[in-house]
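Chemist: Attaching a single structure in structure tokens format; questions to follow.
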């Protein structure tokens, strides 16, 4: 197991709770989100992280900082490429039950092909290239903190691009706040999905927000 990547969704925000589409709005963690970040930080405290990345939006960066409080020697690299999908005119809008989705062309959204390309380009440049010449016997443990639609699209994009096996990567990929998705590169340089959106660190995961409103317009689309 030369490398493991731990991809964490940020903690809850007031907008998550209220059903407001955030996209790339720079929203903050609410009280529950701060607690969630502390819980996932405790769950990951024994992972020997060697690098850490987060979206530069503060809800992700603050979650990453909580995790790295147990790893003070690791510097956090904030990257705009890890931001959530830009949701255009939908950003700041509250989702109403039964409200029909409008056509993407009228909303100035980041198109799904462009969103997926951004994600896979980040994966290639920030993860694959640095690990391609990993010395024999050396292990890397990389923390990545991002957003719900980003993480779901990353996993789906890796599967459709044949970076990882497609088994289990189908339908809507629910990604709860501070869930942990683990990807592993083996000695053969091949990748696999170890766990998707794991919330076993929570005693009551049912209390987390069940819907990622930013993912509402992507859940039925291929990455």
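Indices start at 1 and increase along the chain as displayed.
Every residue gets a Cβ built from N, Cα and C, even glycine.
Since this is a predicted model, take the numbers as computed values, not measurements.
Annotations for this protein, taken from TrEMBL, read as follows:
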- 9, 10, 11, 12, 13, 14, 15, 16, 59: substrate binding site (BINDING)
- 10: active site, tele-phosphohistidine intermediate (ACT_SITE)
- 84: active site, proton donor/acceptor (ACT_SITE)
Chemist: Cβ neighbours within 10 Å, counted over all protein chains: which one of the recorded positions 9, 10, 59 has the most?
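Modeler: Sorting the candidates by Cβ neighbours within 10 Å, the top entry is 10.
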Chemist: Return one of helix, strand or coil for residue 13 (substrate binding site), based on DSSP.
Modeler: strand
Chemist: Since the record lists 15, 84 as recorded positions, which of them has the fewest other Cβ atoms within 10 Å of its Cβ?
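Modeler: So among 15, 84, the recorded positions given, the one with the fewest Cβ atoms within 10 Å is 15.
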Chemist: If you pair up every Cα among 9, 10, 11, 12, 13, 14, 15, 16, 59, the residues annotated as binding substrate, what's the maximum separation in angstrom, rounded to an integer?
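Modeler: With 9, 10, 11, 12, 13, 14, 15, 16, 59 as the binding residues for substrate, the largest Cα distance is 15 Å.
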Chemist: Looking only at Cβ atoms, how many others are within 10 Å of the one on residue 11 (substrate binding site)?
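Modeler: The answer is 28.
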Chemist: Would you mind pulling the DSSP three-state label for residue 84 (active site, proton donor/acceptor)?
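Modeler: In the DSSP reduction, residue 84 (active site, proton donor/acceptor) maps to coil.
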Chemist: Taking the Cα atoms as reference points, how far is the residue listed as 'active site, proton donor/acceptor' from residue 9 (substrate binding site) in Å?
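Modeler: If we compare the Cα positions of the residue listed as 'active site, proton donor/acceptor' and residue 9 (substrate binding site), the gap is 10 Å.
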